[in-house]
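Pulled from TrEMBL, these are the features on record:
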- 297-463: domain 'Helicase ATP-binding' (DOMAIN)
- Cys526, Cys529, Cys576, Cys579: Zn(2+) 1 binding site (BINDING)
- Cys535, Cys538, Cys563, Cys566: Zn(2+) 2 binding site (BINDING)
Amino acid sequence: MALFCDVALPVPLDQTFTYAVNGVVPVVGARVLVPFSGQRLMGVVVRVHEDAPVEEFEIKPVQQVLDDAALLPEELMKLAGWIAQYYVAPLGEVLRGMLPLAAEVKRHFSYRIAEQGRKVLYEGAMKGSSRRSKLSVEEQDREYSVLNYLEGGEAAKMSALRSATGANKGLLEGMVRKKWLLREVIAEERDARRLEKVAVLVAEARLPKLNENQTAILAELAAVGGRMRVRDLRLSLTRAGVPESTLGTLVKRGLVVVEEVAEEFHLGGVGAHGKKHAHEHALNEAQMEALGTIAAAMERGGFRPHLLYGITGSGKTSVYFAAMQRALDAGKSALLLVPEIGLTPAMAGQMVAAFGGEVALLHSQLTPDERAEQWHRIRRGEARIVVGTRSAVFAPMVDLGLVIVDEEHDSSYKQEETPRYHGRDVAVMRAKFNEAVVVLGSATPSLESWSNAEKGRYARVEMRARVADRPMPLVELVDMREEFRETGQEQIFSRRLIEETQATLDRGEQVILLLNRRGYSSTVLCRSCGEKIECENCAVSMTYHKPVSGNDAIAQPGQRLECHYCGSRRSVPKACPKCESEHLYFLGAGSQQGEERLQELFPTARIGRMDRDTVRGRSDMERLLARLHGGEINLLVGTQMIAKGHDIHGVTLVGVIGADFALGLPDFRAAERVFQLLTQVSGRAGRGDLIGKVLVQTYHPEHYAIQFAAKHDYPGFVAKEMQYRRWMHYPPFAVLANVVIQSEKLEEATAWAGTLGRWFQKARLDKVRVLGPAAAPIVKLKRIYRFHFVLKAERRQTLGETLRAMLAYAETQEIARRNLVVDVDAVHLM
Ligand code: ADP
Ligand code: ZN
Ligand code: ZN
């Protein structure tokens with residue numbers, strides 16, 4: 001009886017594909033290589049069966065089975081199925097995101113001598129055929145060496161053949177075509193622990209005379225505690241224009257040594273700073289109670305979701321640690337999801353400090369090899385504590401007992417490409433399939449999670465006071481309309497904020513200022529006709545970035561405009577592209593301008609800036625945080641990055657500039673976002689022994705999001721916001737999907753939007769509200785035109801059925817699947 005297997009492939013099609021089993025019978029959950037429209041793709045077997053497919057077209061055989069056991073455990077296969085169903089996403093694309101990257105299936109070619117080759121070798125026919133051969137004599141000799149080398153009959157790897165005979169791939173493949181050689185493809189698993197180089201500052205060394213570049217390297221190293229990955233160091237040197245050879249010089253002079261150590265997470269000095277680690281605190285009463293609830297659920301066993309609502313500074317991290325320790329004690333593993341490891345390196349650092357070699361880290365800055373390595377460590381049960389970002393929710397944990405989602409409200413948990421899953425919600429399902437306990441933690445829980453707690457689906461655990469009886473900071477609103485009336489000037493910083501900042505700096509304390517826009521100016525506007533300079537690829541304003549004046553004093557004229565969506569750049573035009581007026585001016589101050597202004601206002605302050613332009617990777621962040629912790633920086637300005645969970649004890653003043661920009665956006669989550677941002681950034685003040693203060697500059701002082709944030713009243717905000725959501729039939733009172741129709745051709749996009757619009761009308765859906773078609777808020781993105789529908793339904797099943805029916809109809813209309821983006825539980829409607 002012929003055997004077949006159904007394979008899920010990473011292609012944007014909602015179906016699996018059938019292949020004939022050829023030799024090795026794969027198990028469900030194993031990876032296979034199969035031919036697919038001229039390419040070779042890696043897929044996952046989802047079914048093995050004997051039902052010969054009815055279609056007349058030829059069923060191709062599986063080329064290679066890569067795993068003899070299921071690579072994905074059963075509960076992850078189930079989870080994949082759930083995601084495909086819930087988010088209306090192709091199963092193969094879901095599975096692709098779950099596997100360690102394709103890097104490890106890089107095929108190794110090996111070659112074996114064939115009958116024909118043996119004949120050639122024995123007959124010594126090489127010379128005889130040379131007249132007919134296109135090959136040079138040299139190449140023919142090389143072929144002969146290859147045959148000689150393989151004569152024993154063993155297969156040899158391409159790399160071995162290359163070094164033994166000098167043959168390259170082309171030559172070997174030529175011999176395969178002549179049937180002199182047989183080629184074999186081997187997929188090797190590689191997970192040997194790799195070594196990496198770390199530059200270490202030699203502390204005792206007496207400093208000889210150094211040049212500027214050498215000093216720069218030493219300062220860089222000193223700033224992060226004397227140790228740094230050579231890889232990271234190189235990056236920042238390149239950025240600073242220091243030649244790479246300088247490091248070598250320092251090594252030669254004995255000032256720096258380069259060590260080889262097993263690759264792991266480096267703390268780069270972050271984590272300690274004289275403070276206790278989160279796991280070293282004796283828990284207070286509220287923390288004990290929270291831990292008690294979670295631990296009891298783990299003891300009982302089985303699936304149990306919790307919402308841990310704990311205000312900023314209530315010590316949630318210590319509870320996570322204690323709960324994870326309990327999981328380990330019970331012989332189970334624990335998974336901690338964080339929004340972005342690079343932004344809160346202290347969290348990962350403390351995990352390593354507490355759990356050492358048990359920890360595996362999974363995040364986007366790993367290379368494919370590193371990721372594969374971590375993946376296998378977890379799969380083998382060597383790492384039972386996993387800390388990672390969104391996709392770590394798929395870590396192949398052994399005996400998973402506990403899943404924690406820190407800052408569960410954070411929108412970075414939502415994946416903005418197919419499959420568009422929400423890491424938090426998948427974490428809950430993951431825990432369900434694993435019969436594990438799950439904890440969603442936040443000071444500002446999402447309305448979805450809060451409502452689940454209200455309904456009793458999640459157990460609610462609360463920590464409503466800061467540790468050590470620290471008070472919440474006082475929040476003061478500064479009405480910027482009044483400020484303008486009184487000063488007659490549009491200023492970034494109000495007089496009140498300047499005054500408080502000066503006073504705080506004078507007391508030797510630290511200040512953080514949130515200016516949630518990067519760049520110098522967010523818009524270039526024509527004063528004559530009102531035209532904004534837009535990106536040529538996207539329907540958005542371009543941001544002005546002031547060139548950083550280098551060492552030479554000559555001002556650079558090239559004023560750079562940058563699109564924050566597609567990254568394209570151009571220079572500021574001489575005149576308005578529409579009316580040719582030369583009166584172009586800049587509008588909307590960003591963090592870069594904020595920094596410049598602060599330098600004028602506080603010339604003696606030690607100012608730092610934290611945004612995507614100054615923080616590119618984890619090491620930048622660590623360095624900046626180390627400088628803050630050490631007091632080297634006493635005034636920090638930055639975008640929402642500064643609002644993340646940093647725990648800097650010297651900060652007593654937080655200033656907020658324009659956190660309410662977002663209130664004007666066409667997005668039903670705008671108020672929730674503003675409330676979250678204000679609460680999170682306010683939470684950075686007064687975390688040490690001194691009481692903190694927050695000044696919020698706003699044009700909407702009466703807005704409820706701002707009012708409730710000023711009073712630290714999350715429950716109050718939620719009650720109000722829930723009313724609005726209920727009236728408007730928005731989540732959590734309805735389920736929602738955003739459907740985007742996209743095409744590079746405007747006519748195509750509009751025509752398809754019309755086609756689907758008519759279908760929605762005809763379908764007369766009484767259980768689904770359809771808004772649209774409308775131009776998407778960003779109608780053109782990366783040269784692609786976008787229209788959208790927003791679908792709202794009371795029941796999830798109705799929504800799913802409607803979306804599937806729409807996709808089926810679209811297929812009959814020859815609208816390709818890749819032109820339709822289905823975003824279930826969309827977080828951004830842009
Ligand atoms: P959250 O994440 O809830 O905002 P953190 O977990 O960052 O708060 O804790 C805030 C600060 O309190 C940290 O400096 C932490 O080390 C400290 N801390 C935690 N638990 C205790 C405790 N029981 N006693 C004293 N300090 C604590
Ligand atoms: Zn103009
Ligand atoms: Zn653009």
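Each residue, glycine too, has its Cβ placed from N, Cα and C.
A map of TrEMBL features onto the structure.
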{"residue": "Cys526", "record": "Zn(2+) 1 binding site", "Cβ contacts under 8 Å, 6 or more apart": "Lys532, Cys576, Lys578, Cys579, Ser581, His583, Leu584"}
{"residue": "Cys529", "record": "Zn(2+) 1 binding site", "Cβ contacts under 8 Å, 6 or more apart": "Cys576, Lys578, Cys579, Ser581"}
{"residue": "Cys535", "record": "Zn(2+) 2 binding site", "Cβ contacts under 8 Å, 6 or more apart": "Ser541, Met542, Cys563, Tyr565, Cys566, Ser568"}
{"residue": "Cys538", "record": "Zn(2+) 2 binding site", "Cβ contacts under 8 Å, 6 or more apart": "Cys563, Tyr565, Cys566, Ile778, Lys780, Leu781, Lys782, Arg783"}
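Summed and averaged per residue, pLDDT over the domain 'Helicase ATP-binding' (297-463) gives 93. With a cut-off of under 6 Å between the Cβ and any atom of ligand 2, the binding-site residues Cys535, Cys538, Cys563, Cys566, Cys576, Cys579 reduce to Cys576, Cys579. Proximity of the binding-site residues (Cys535, Cys538, Cys563, Cys566, Cys576) to ligand 3: a Cβ under 6 Å from the molecule is found for Cys535, Cys538, Cys563, Cys566. Cys576 (Zn(2+) 1 binding site): 21 other CB atoms within 10 A of its CB, across all protein chains.
When other Cβ atoms within 10 Å of the Cβ of Cys563 (Zn(2+) 2 binding site) are tallied across all protein chains shown, the result is 20. Looking only at other Cβ atoms within 10 Å, the busiest spot among the binding-site residues Cys566, Cys579 turns out to be Cys566.
A Cβ within 8 Å of the Cβ centre of Cys526, Cys529, Cys576, Cys579, the residues given for Zn(2+) 1, is found for these other residues of the same chain: Arg527, Ser528, Gly530, Glu531, Ala575, Pro577, Lys578, Glu580, Ser581, His583, Leu584.
Other than the site residues Cys535, Cys538, Cys563, Cys566, same-chain residues with C-beta atoms no more than 8 angstroms from the centre of those residues' C-beta atoms, the Zn(2+) 2 site, are Glu534, Glu536, Asn537, Val540, Met542, His564, Tyr565, Gly567, Ser568, Leu781, Lys782.
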